[in-house]
Amino acid sequence: MKGSPENPKCGFSAQISQILCNLGFKFAYVDVIENPDIRLQLPDFANWPTFPQLWINGNLIGGCDIVTQMHKNGELVPLISNALKSAIPDE
Ligand SMILES: N[C@@H](CCC(=O)N[C@@H](CS)C(=O)NCC(=O)O)C(=O)O
Ligand code: FES
């Protein structure tokens, strides 16, 4: 993303982090303004040209439009909940 969830530096990054924060999920972020190498190289690696990018367990989910649409569709919460279940093995 550009900036941080507390201080986003772009409307798209603000929107996607607000969705995730409002849902109460914890997430890590990388500020690509502070990390120009990542800003330069991640689009090729991801095959996705822009920021923000939501990644879950090593998979690119999409940018602001896709995540917003998935949120409206009700697809986002189950996707993240299932990812958390598979990432944290049962005791
Ligand atoms: N439609 C895009 C909006 C994001 C976007 O257009 N990002 C641009 C402007 S912030 C971007 O990352 N450009 C490349 C760059 O700034 O490195 C989405 O759904 O995420
Ligand atoms: S920084 Fe200008 S549109 Fe994101």
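Backbone N, Cα and C define each Cβ position, glycine as well.
Computed from a predicted structure; not experimentally measured.
Summarising the annotation, TrEMBL assigns glutathione binding site to Lys2, Arg39, Phe51, Cys64, Asp65. TrEMBL lists 8-61 with the feature domain 'Glutaredoxin'. Residues annotated as [2Fe-2S] cluster binding site in TrEMBL: Cys10.
Everything TrEMBL records as a feature, shown here on the structure.
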residue : record                   : Cβ contacts under 8 Å, 6 or more apart
Lys2    : glutathione binding site : Pro8, Lys9, Cys10, Phe12, Ser13, Asp31, Val32, Ile33, Phe51, Pro52
Arg39   : glutathione binding site : Val32, Ile33, Phe51
Cys64   : glutathione binding site : Phe12, Ser13, Gln15, Ile16, Pro52
Asp65   : glutathione binding site : none
Three-state secondary structure, which DSSP defines for Lys2 (glutathione binding site): coil
Other CB atoms, at most 10 A from the CB of Cys10 ([2Fe-2S] cluster binding site): 17
Candidates near ligand 2 among the binding-site residues Cys10, Arg39, Cys64, Asp65, judged by a Cβ under 6 angstroms: Cys10
Residue distribution over DSSP helix, strand and coil in the domain 'Glutaredoxin' (8-61): 24 helix, 7 strand, 23 coil
CB contacts for Phe51 (glutathione binding site) [other CB atoms within 10 A, all chains]: 23
